Every structure is written in C-alpha cells, then in structure tokens.
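In what follows, a structure is listed as structure tokens, so that the remarks can point back to it.
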Amino acid sequence: MSQQVIIFDTTLRDGEQALQASLSVKEKLQIALALERMGVDVMEVGFPVSSPGDFESVQTIARQVKNSRVCALARCVEKDIDVAAESLKVAEAFRIHTFIATSPMHIATKLRSTLDEVIERAIYMVKRARNYTDDVEFSCEDAGRTPIADLARVVEAAINAGATTINIPDTVGYTMPFEFAGIISGLYERVPNIDKAIISVHTHDDLGLAVGNSLAAVHAGARQVEGAMNGIGERAGNCSLEEVIMAIKVRKDILNVHTAINHQEIWRTSQLVSQICNMPIPANKAIVGSGAFAHSSGIHQDGVLKNRENYEIMTPESIGLNQIQLNLTSRSGRAAVKHRMDEMGYKESEYNLDNLYDAFLKLADKKGQVFDYDLEALAFIGKQQEEPEHFRLDYFSVQSGSNDIATAAVKLACGEEVKAEAANGNGPVDAVYQAINRITEYNVELVKYSLTAKGHGKDALGQVDIVANYNGRRFHGVGLATDIVESSAKAMVHVLNNIWRAAEVEKELQRKAQHNENNKETV
C-alpha cells in the first residue's frame, strides 16, 4: 500500500455551498491557482450541471490548472456525467466524481428505491464516466450510516465497474473516530477487489470530529482525504485540510504516511480563501488562527524563549508564516516593493506592480512605514478589483456628530458620466450608502457588513466586507482604506461593479443564445 495520502480539495465545491454570496469565476480561479501552488493532488471545483455559471467556472479552471487534477461532481444521472465531462475535457488531467446514497434511510425516503437498484445504477454510471476518463471516483453518500455488508456490496460493484477511487463519506458528521476506522478496516476485510482502488474519506464536522475521523481512517488504510481550506462548508463545515496535512507531517512517527503538499503555502492559501470567501478565521483556529503560535502565559513565554520546542510542536515558518518586517516607506522604489513581494513568495502574474506601487505610495504617505500585511492586503484588493469598472468612487464627504444627523455627499463616476448626490443616514456609512443608491437607482439591500483591521495600531488598514442582495442574487464587495467610511464606500462600489458585470454577462449569454437560435432557423 502506498504511503502517500492524496489530498483532495473541495473548497470550491462543497466549501462554496456555505457562502452567503456566490464566488465569481475570477475569484474561483484565484483560489484554484493558490491550491495548485500549495500542491493539492486533486481539486473538485464545481457541479457543472447545476448552472451555466458553475459550468463556466469548471471549464475555466480546467483550462488554467496544469499541476493538479481537476475534478467535477455529478450525480448518478446520465446528463450530469455528460455535462461534467464536457466541462472538463480541456484539462490536462481530470476526474469525474459521481455519487449516490447508500444508507437505508436515504434509499427509502430520498431515492424511494432499493439497494439492488442503487447498485445497478452505480455500475451503469461508473461505466458511463469511464467512457470519458480512466479516473473515476465513486462516493457512497451517507456511508457512515450504511450497514457494512451493504456498503461492501456497493464498493465491490463500483470497483468492478471501473471506479479507481472509492469515497466513504460521513455525510452528516455522525460517526466517532473508532467507528469510522472500523468502517475502513471492515471494507478491507470484506471487499475482495479493494486493492484495485484508492479508498478515500470525506468527513463533516457536525460533532467536531471531521479531522479526527479522517486521521483515524488514514491510520486504518484510507489513502485519500477530502476537505476544504479552513474547514468551510455546509452546516458545521468540512474537514479542515490544513489541520489534516499538518497532523500527518507532525505525527509521521505514528501515522507513517506523507503528503505531496508544499507546506510553505498553507498560511497564504488559508488567508486568501478567508478573504475571498468573506469568512474570517477564528483566532483560536488550529494551524492558521492568529493565536495558533501565540504564548501569553509567563511560564510558556519563558519556556519558548529558552527553546521553542518546549511549547511549539511546529513553527510558524513551517506553514509559510514569516516574521513581519518594517522596511518599506514612501521613499522605497518600485524595485524594493517588487523585491519584498518576491521574498513573500508572490509571482508577478499574481498582482499588477504598477497598481500595487501606486496604492503603496498613497498608503506610505499616510502611515510612514508599510508592513508585509499591508502589501498583501493591497495586492489582494487590487486583484479583486482589477477588472474594468463601470462605477468608480470619485469623491465623498461626510458630516456627523453625537447629536447631528449624518449627511454624506458623494460623486460617482458611472461610465463616462460623473454624478453627484447627497443624503442623510443612520450614521456616516449609511448616509454614504443612501447617496450611492440615489445615484445608481439600484435597489441594493445590505445583508451583511463586517470590518476587520489589517495590521496593528491606529494606522491599521480597515477592510470592509459586505454582502448585498439585488434582484434575488447576493453579491460580495470588499474595500480597503485607512478611513473606515472610505473602505465602506469602496466595498459598496465593488458590489455595484459586480452587479453590473453580472448583468453584462447575462446579456452576452442571451445574445449568444439568440445567435444560436437564429442559426438553427437558417439551417
């Protein structure tokens, strides 16, 4: 049996299901490229049959990613598998992942079927997927609540049909680690052809046991772990990949397995996922939380100063979290900024140096010194907002006080035209938003507003993340500035640009559909 554990990332499929606003194709690609740098073996990036947007995302990522295998999800339905294959065919290497429920409860109440019918359907669909690729994964949905004898029958049949990976999900996060290990061991004992496939696990955190269950399964013989960065996902989330990866690295003495992950990319990938998905990382989150390597106890601090290994089982550097430096000021040139980005591991293709340097100079004039986390924040925001903008914040001014009604005046560039409006509001941010809404006449409803500090002290950058509802769809916007009202305004303008771009995409899709329809009529 191989000692390498395959890392299967589902941040962009199962993880995205938990988000309040869907990610754009560009945002998904940004995360996919980060996962590729981190070295994930397989990335599941969508459910193509679910929507044209998901199909486009899968196809775009499949075209761009070269060093990881790209995977798409499909139910045991002919159309699902055919559409998944169509979206993936541009990839260097791809996998089709198909699934069907196997537990008595799901078979009886959801599928209204029988186990024999489920097995027959699984065989047919695995064979159909094999017509497109020799890499087919089959999942037994709700395997954690499936009797072992039934599960063994399904697994044996799927392998005989051509499945090369068999996934055993704890779909509702119900099993205990010793139970889950028993399921994996039981399959090895009962399935005669199990050596012809890789056994995978997909766990959920409803009882806080997703990572524990995955590691127990690895110890019992599983050689693929599925999960999401930062553990994002439906309900209580998925298995946190960064936790499993580092547990395998730190406790190699017991597990005796390894991964092909570039550990130096873990922290940066985690931060990127957090920012793009608008899901802050708790300070006490294992591996990537801001307190993961902090020591406040005097006894602990003394021990760490004498020898870090007294209280640290891994180092910040082992996940790519290096010490903050204070070496850039308004007198630093473009070469210095580029050199620092190089040192932090960023490639030039990941940011626009001209835009970054302009933003850096403006910030350096305000703050004096610019930190690494400032540069990363500027690069991230620049990447998010580098697409052509229809709306641009030209000017704003607010007046408010403890006994005054907040008033805002806003100038907004709308295409080639600059428009101005003033409005009152419940505080300066609300006043700015009311003025922006008057200018655009978009009936935007604010669903979520969050503010986080990027840096330390009074000169920290304020990052505002908002989720807004427009015509039944949710859009995410982000803004960054030393002034909170300014970053709030920028976040709303980002939302408006996302709404405008979505409308333009919809117009283009309608135009293409009409063009195709006209061609059919001509023929």
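Positions of Cβ are set from backbone N, Cα and C atoms, glycine also.
If you average pLDDT over the domain 'Pyruvate carboxyltransferase' (5-267) in this model, you get 97. Residues or ranges marked as domain 'Pyruvate carboxyltransferase' in Swiss-Prot: 5-267.
For the recorded site, Asp14 (Mn(2+) binding site), the DSSP three-state label reads helix. For Asp14, His202, His204, Asn238, the entry in Swiss-Prot reads Mn(2+) binding site, with the evidence type sequence analysis.
Taking H, G and I as helix, E and B as strand and the rest as coil, DSSP gives the region 'Regulatory domain' (392-523) the counts 52 helix, 59 strand, 21 coil. Taken from Swiss-Prot, the feature region 'Regulatory domain' covers 392-523, and the record attributes it to sequence analysis.
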Original post:
Who sits close to His202 (Mn(2+) binding site): which same-chain residues at least 6 apart have their Cβ under 8 Å from its Cβ?
Top reply: Thr10, Asp14, Ser139, Asn167, Ile168, Pro169, Asp170, Thr171, Glu226, Gly227, Asn238, Cys239
Original post:
In sequence order, which same-chain residues at least six apart have a C-beta under 8 angstroms from His204 (Mn(2+) binding site)?
Top reply: Pro169, Asp170, Thr171, Val172, Gly173, Ala210, Gly233, Glu234, Arg235, Ala236, Gly237, Asn238, Cys239
**OP:** List the other residues in this chain whose Cβ sits within 8 Å of the Cβ centroid of the Mn(2+) site residues Asp14, His202, His204, Asn238, in sequence order.
**Re:** Thr10, Pro169, Thr171, Thr203, Ala210, Glu226, Gly227, Ala228, Gly233, Glu234, Gly237, Cys239
Original post:
So of Asp14, Asn238, which of the binding-site residues has the fewest other Cβ atoms within 10 Å around its own Cβ?
Top reply: Asp14
